[in-house]
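Q: Heads up, here are the entries from TrEMBL:
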BINDING   S43, G44, G45, C120, G121, R157, E187, N209, I210, T211, R240, R269  substrate binding site
BINDING   D83, D85  Mg(2+) binding site
Amino acid sequence: MTSAGKRFREALKQESPLQIVGTINAYQALQATKVGHKAIYLSGGGIANASYGLPDLGMTMLEDVCIDIRRITSICDTPLIVDADTGWGHAFNIARTVKEFIRYGAAGLHIEDQVAAKRCGHRPNKELVSTEEMCDRIRAAVDAKKELDPDFYIIARTDAHASEGQQAAIDRAKAYVAAGADAIFAEAIHTLKEYKEFTDAVKIPVLANITEFGATPMFTTEELASVGIDMVLYPLSAFRAMNKAALNVYQELKDKGTQEAVIDTMQTRMELYDMLNYHAYEQKMDELFSKGKAK
Ligand code: PYR
């Protein structure tokens, strides 16, 4: 099979802009793939929230992320882009991050220019490292991918728009292109015009993060295409919906002593089994194990 990086680059050619949908766990990766999505995403905020019950404040590390990468890529071939936050350290740590991500089957990552004590991209008071330090991060990542998967896709994220302004963010993006990034992730942008300024300024793909309840309006793929955006990220859309649905079920059980009123909000047993290919596993079990054969 082709490398994950190559599969992601193929997806980029097939769909424009390419939708990259957040899949908080292996099962959601199967669901997104079943619907026909060509690229999936593992959110750093999502790992902190869902796997550890923590806020998105730089408290999870490389191994925490690798656990969730492994779970997804072992069951699903859809190319997976992973949030590497700040890369977790200096150049050699970033090289390890890239190599571990490739070994565990990721197709690419995004690495950002915030300090290690990072904040969610859509919160105030973000602090950034210098352009030079971020360029070192990018160079370390680009160098590290060469041996294992030269197609591994490196997206440089700049959080500068909020703290340094649009022009400084564009200047940073240009420097990140020169350092070897495959694409630019312009975080917390407010208008289509601002996206257009990015796509005019850099001659590599630009990603728009259309996360809900943040600084960026929910622009459609059509609107984003009109300003030259190549990738649209929905990091936590399904996760937010899952959370609300689950909370509703817990509340209903507590209040009413029965789940009857919320049963329509649930996936049925058969739908779950179909998604998991459950019956094929059971058939295999019957073929392989003597107890099954005897029946
Ligand atoms: C996150 O979902 O954590 C991003 O950084 C987009």
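Backbone N, Cα and C atoms are what each Cβ position is placed from, and that goes for glycine too.
TrEMBL does not curate its annotations; it predicts them automatically.
Would you situate these features in the structure and describe their surroundings?
A: Cβ neighbours of G121 (substrate binding site) (same chain, under 8 Å, six or more residues apart in sequence): E112, R157, D159, E187, A188, N209, T211, G214. In the three-state DSSP scheme, G121 (substrate binding site) falls into the coil class.
Cβ neighbour count for D83 (Mg(2+) binding site) (all protein chains, 10 Å cutoff from its Cβ): 25.
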Q: Just how spread out is the substrate site if you go by the largest Cα to Cα distance in Å among S43, G44, G45, C120, G121, R157, E187, N209, I210, T211, R240, R269?
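A: Of all Cα pairs among the recorded substrate binders, the widest measures 40 Å.
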Q: How far is it from G45 (substrate binding site) to D83 (Mg(2+) binding site), counting Cα to Cα, in Å?
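A: With the alpha carbons as reference points, the distance is 8 Å.
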Q: Near ligand 1, meaning Cβ under 6 Å from any of its atoms: which of the binding-site residues G45, D83, E187, R240 fit that description?
A: G45, D83
Q: Same chain only, sequence gap of 6 or more: which residues have a CB within under 8 Å of the CB of D85 (Mg(2+) binding site)?
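A: G44, G58, T60, I111, E112, Q114, K118 - these are the non-local Cβ neighbours of D85 (Mg(2+) binding site), listed in sequence order.
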Q: Let me know the DSSP-derived helix, strand or coil state of R240 (substrate binding site), please.
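A: Reduced to three states, the DSSP call for R240 (substrate binding site) is helix.
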